[in-house]
Amino acid sequence: MDGTRPHRTNPLLRASLKRPNILITGTPGTGKTTTARYIAGATGLEHVSVGDVAKEKECFEGRDVELDTNILDEEKLLDHLEIILADGGKVVDYHSCELFPERWFDLILVVRATNAVLFDRLSARGYSTRKREENLECEIMQVVLDEALESYEKEIVHEITSETEDDLQENAQRVKDWLIAGIESKRRRAWKNDRYFKLRC
Ligand code: DAT
């Protein structure tokens, strides 16, 4: 025995102690950005808006006029995100999740909203009737939740809501508890196996 602490010397173990990355996903208007910012503020993790990265790094191939949206250059975007997420400790928000490699995230929170709440939020945003209806249908059909459940281990996918200040505080507290549980156990599996969040719907 040379007294060296194993996790300091074994690169595999050291890598496994990397801080986790969290993905906050959901239909536009459900409250991803608000939730991600709040959790970042409460935990010290860094908020990464995928939409902002796409804009800053110009990851677009053109514009889909019919759908009133930019056409993403996914490969370019993923190259930039890979670098940003490499060290862990990020709270990422995006309205889709299947394009990301599974290994990037340790926790996936799918923000859900009722029809009435989403209708009001998307109307306030000035979305066209068509765009608003498409997003409402997407939420009713739980498209993003199903995408998340198909793309990641079910154990790390959890639904949350973001309608009130209490929701923000409660969700942030759950993430804090989850982070602390992982740090104390010093094992990556602790992040994976955490079942603190319960599916609410
Ligand atoms: P998203 O990023 O999913 O498009 P958002 O975070 O921009 O959604 O939120 C949409 C609107 O809803 C915005 O006006 C802020 C409001 N909102 C979201 N979560 C909230 C909460 N917990 N309490 C009060 N307002 C909230």
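In case you wondered, yes, glycine gets a Cβ from its N, Cα and C as well.
Quantities reported herein were computed from a predicted structural model and do not represent experimental measurements.
Marked as ATP binding site by TrEMBL: G29, G31, K32, T33, T34, R125. DSSP gives T33 (ATP binding site) a helix state.
Broken down by DSSP into helix, strand and coil, the region 'NMPbind' (49-72) contains 7 helix, 10 strand, 7 coil. Summarising the annotation, TrEMBL assigns region 'NMPbind' to 49-72.
As annotated by TrEMBL, region 'LID' applies to 124-134. The DSSP breakdown of the region 'LID' (124-134), given as helix, strand and coil counts, is 7 helix, 0 strand, 4 coil.
Close contacts with ligand 1, defined as a Cβ under 6 Å from any of its atoms, occur at G29, G31, T33 among the binding-site residues G29, G31, T33, R125.
The residues near the ATP site, meaning same-chain residues not in G29, G31, K32, T33, T34, R125 whose C-beta sits within 8 angstroms of the mean position of the site's C-beta atoms, are G26, P28, T30, T35, V111, R121, S162, in sequence order.
For the ATP site, whose binding residues are given in the record as G29, G31, K32, T33, T34, R125, the maximum C-alpha distance rounds to 15 Å.
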